Amino acid sequence: MGSLLRMNRLLSSIVESCNCIIDPQLPADDLLMKYQYISDFFIALAYFSIPVELIYFVKKSAVFPYRWVLVQFGAFIVLCGATHLINLWTFNMHTRNVAIVMTTPKALTALVSCITALMLVHIIPDLLSVKTRELFLKKKAAQLDREMGIIRTQEETGRHVRMLTHEIRSTLDRHTILKTTLVELGRTLALEECALWMPTRTGLELQLSYTLRHQNPVGLTVPIQLPVINQVFGTNHVVKISPNSPVARLRPAGKYMPGEVVAVRVPLLHLSNFQINDWPELSTKRYALMVLMLPSDSARQWHVHELELVEVVADQVAVALSHAAILEESMRARDLLMEQNVALDLARREAEMAVRARNDFLAVMNHEMRTPMHAIIALSSLLQETDLTPEQRLMVETILKSSNLLATLINDVLDLSRLEDGSLQLDIGTFNLHALFREVHSLIKPIASVKKLFVTLSLSSDLPEYVIGDEKRLMQILLNVVGNAVKFSKEGNVSISAFVAKSDSLRDPRAPEFFAVPSENHFYLRVQIKDTGIGITPQDIPNLFSKFTQSQALATTNSGGTGLGLAICKRFVNLMEGHIWIESEGLGKGSTAIFIIKLGIPGRANESKLPFVTKLPANHTQMSFQGLKVLVMDENGVSRMVTKGLLTHLGCDVTTVGSRDECLRVVTHEHKVVIMDVSMQGIDCYEVAVVIHERFGKRHGRPLIVALTGNTDRVTKENCMRVGMDGVILKPVSVYKMRSVLSELLEHGVVLES
């Protein structure tokens, strides 16, 4: 009340000071008038303070978009306050000036109020939209919160997947993989039980193979045709199943409701190509079944991210199992391969031992058979040159011919043996091809004339005279093939033709593997031997190049089989990068043997260096060996006697010794030739040759050294040449052969017989 009295006195003083005219018609209730004065004063005060506050906060805000609207509101409020302040004087009489002052703010207030009202029509929707945007942003923020929750859940799921994948793939043992999967799933998802059912080998049942808590006996089986199993196997997603289904009844019954159960299939690798002992044969069903159970004492349910985690883990388990299966198969294959390698290594060693044993046997047989054959042939040849009755001469010739045939057979066996084990190599050199054909013709012609067969030789004009190849093996092929033609022909003729094979004649449909490639450095020689003999049936032709075969036609003629000849010829032709075959129109129509071999062409730069001249038959019978001093060293008494008999028959003065020391003690400058058997047991005959070289020095002052051996291998020949021997003679030796060797040795100072 005191404040009102003070306000009343203040207003009274204001009225008195302004000389206001009080309307005498106003109500006389002074108390009401005082309250109106007080109200207008405070309204004006509020109106003046509100704009100040607006201006203050707008200046503090940098983002408010409606500053000019606030200016209008401020003006409107200030003017409203001014009108209320002016109303303090309206209760008394006032002058015209006061009326003008009162009217002006009211007019301005009216104007600003109308403008502000009009502007609010446009501003209010924006203000409402701000509220709408606020609600939208709140909704968006809530959605972002949910998405962030999903992302966090996915990250958590991904972390668990990575962790589980790492644990699963940390091993390639399938038992460890499956046990680790159950343990990690149980720990990550807080499961009460987790089990894996595997198909049996028959594929008709699922067998309980692994469990998490180990409370259930492993080995339980359920039929694979159960509806719940078909439902799970029919999709690659997790399927919720009843806790009472046969595959889920794995936990003991309790007072709580069982938790939710889900199942998912686990694809298994198709094992048709793998034979793993305890893995099922998967023909129709290729899945295992994984069952996962939530705890029974909670109201927990499966979430989407948990189901996705289970699906991903099932796929990872499938991949890990496939890797484990492949690893197991690889290990099994490795073990099997190791066993096979051990067996192969054992077989290889046995084969090598067999080859060595065979070679040793052949070497011994070669030496041991050539030594008695040397005596037979040498003595037979000596008898042949004595005065004999016709009957005796026929018997001696038969013995000599049979012995030579046996020697040829031994050579063929040794050649075939070396061909089969790959130890035989061609002796490549330059030789006169024309002279070789003429020599073969001169050797075959006397044999054919006995059977009244005509042998003709035809060499084409473009055939090179000098070629590069194995002269000895080519002659062996020709003698074998031409010899067979003469052997199986009773009458008619045998023709030999040789020419350079053209490109169109190199291909043979019977041998598609033979592919000839001519070049400037070599050519292909084609040789055809045609006879008018008994002929061959088509079905017998493929067997002719087999060892010791005999066709039906040959059996009826009592001519014998082809022996090893053609088989060896085929091997020689193959070594010469060629091809051999036989053509015949049938029995009684003759046959044609054809072979193609590859020969080199000597370079023009080397043509002037060729030391070869056409070989003419040497007239060894004209050379005299009377008084020629020869020393023979051989431990075999029979062989010593035979060799001495041959040399004595030729007129030589022969001294024989049986040991190394005796040979070195006896040999002198008077001895022109030393013949030694290099196959003597326990004696290094090569050392004897070295000592003779050292003792007598120069070649013209020492005797010529010749090796007499039954060994036909290349090593023996190379060893003889290495120690400086002047020649090699192969047993057996006839009188004619010994005369030829001595003549060549004395004439040229060297003799080599391969």
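From the backbone N, Cα and C atoms, a Cβ is placed for every residue, glycine too.
CYS80 (Cu cation binding site) falls within a helix when secondary structure is assigned with DSSP. The Cu cation binding site annotation in Swiss-Prot covers CYS80, HIS84.
Here Swiss-Prot flags 173-321 as domain 'GAF'.
Per Swiss-Prot, domain 'Histidine kinase' is recorded for 364-601.
The phosphohistidine annotation in Swiss-Prot covers HIS367.
Under the heading transmembrane segment, Swiss-Prot lists 38-58 (among others).
Annotation source Swiss-Prot lists transmembrane segment at 68-88 (among others), citing sequence analysis.
Swiss-Prot lists 108-128 (among others) with the feature transmembrane segment.
The Cβ of CYS80 (Cu cation binding site) has 21 other Cβ atoms within 10 Å, all protein chains considered. Confidence for the domain 'Histidine kinase' (364-601), expressed as mean pLDDT, is 79.
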